[in-house]
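According to Swiss-Prot, the protein carries these features:
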type	residues	note
COMPBIAS	125-137	compositional bias 'Gly residues'
REGION	120-141	region 'Disordered'
TOPO_DOM	1-19	topological domain 'Cytoplasmic'
TOPO_DOM	43-75	topological domain 'Extracellular'
TOPO_DOM	99-197	topological domain 'Cytoplasmic'
TOPO_DOM	221-252	topological domain 'Extracellular'
TOPO_DOM	276-321	topological domain 'Cytoplasmic'
TRANSMEM	20-42	transmembrane segment
TRANSMEM	76-98	transmembrane segment
TRANSMEM	198-220	transmembrane segment
TRANSMEM	253-275	transmembrane segment
Amino acid sequence: MGEWTILERLLEAAVQQHSTMIGRILLTVVVIFRILIVAIVGETVYDDEQTMFVCNTLQPGCNQACYDRAFPISHIRYWVFQIIMVCTPSLCFITYSVHQSAKQRERRYSTVFLALDRDPAESIGGPGGTGGGGSGGSKREDKKLQNAIVNGVLQNTETTSKETEPDCLEVKELTPHPSGLRTAARSKLRRQEGISRFYIIQVVFRNALEIGFLVGQYFLYGFSVPGLYECNRYPCIKEVECYVSRPTEKTVFLVFMFAVSGICVVLNLAELNHLGWRKIKLAVRGAQAKRKSVYEIRNKDLPRVSVPNFGRTQSSDSAYV
């Protein structure tokens, strides 16, 4: 049960930040109606499925062969494998989003990011011009800034000038430049677009896995578990009758898992309709607006050139009259 708790926490971490309302409902369905039911009820129902599978023969190996024919994969193991595979795209999305957030934090607090945010005009001579006083002041400011940055952290200039290797590092607040704010905003927007795109991709893969497991469950087990199973597989010397334990209870459980899988497929399609198509429409509209603006700028910048008409004219002075 501890392994299922870890999986639940990981799924909740993915949903809390980036998922839609439909995704939250889907998480509830997966956690309550799948993980908890399979972990608590399923183990009790299918605990003795092989030991209670009895055939009316004493032939050695006949019971095992007939059980393998009746249930190629145990119901409970099939559903556990289904839960793991269906949750894999969400776990990949968690890894991607955490990686992007870590990269954003590193880019925000790195010294390269601080250097890029500085105005080039200030490094030349400040807003006052490129004179001697401004140049000398800017050089002194650059030297102070270099002395203030130790190990990638902005330090107190007074303590840094006195001590070569400070024991206590004091961080000073840096006022961001407008260009740096624009760069950070564009970087954050690109990161959010990448996360949204990856979220749509993982929903598509998750829905494909749901449909695949739903079809596989139908071809393996059907919609019912028979109480009597006839088997003539080797090493049985003749056709024998085998009896399945708790057939009605297993049939109810099988139909319930069919219903849960169908609900998950419908919720995935609804989330794609809510999230995916809207994103596609916005992307198409943005691309069209961008092409239109580029076309207008090019037509505005290019000079108008009159093209001579080399065709036949209707003038009376024409040579072809």
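Even glycines carry a Cβ here, placed using N, Cα and C.
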Self-check item: Dominant neighbour of the transmembrane segment (76-98) in 20-42, 198-220, 253-275, by Cβ pairs under 8 Å
Solution: 198-220
Quiz item: Same-chain Cβ contacts of the topological domain 'Extracellular' (43-75) under 8 Å, 6 or more residues past its ends?
Solution: 220-221, 229, 231, 233-237, 240-246, 249-250, 253-254, 257
Exercise. For the transmembrane segment (253-275), find every same-chain residue at least 6 residues outside the stretch whose CB is under 8 Å from a CB in it, and list them.
Key: 20, 22-23, 25-26, 29-30, 33-34, 37, 41-42, 45, 75, 79, 82, 86, 196, 199-200, 203-204, 206-207, 210-211, 213-214, 217-218, 221, 223-225
Quiz item: Looking only at residues six or more beyond either end of the topological domain 'Extracellular' (221-252), which have a C-beta under 8 A from one in the stretch?
Solution: 45-46, 48-49, 52-57, 59-63, 65-67, 69-71, 75, 258
Quiz item: Can you give the mean pLDDT for the topological domain 'Cytoplasmic' (276-321), rounded to a whole number?
Solution: 54
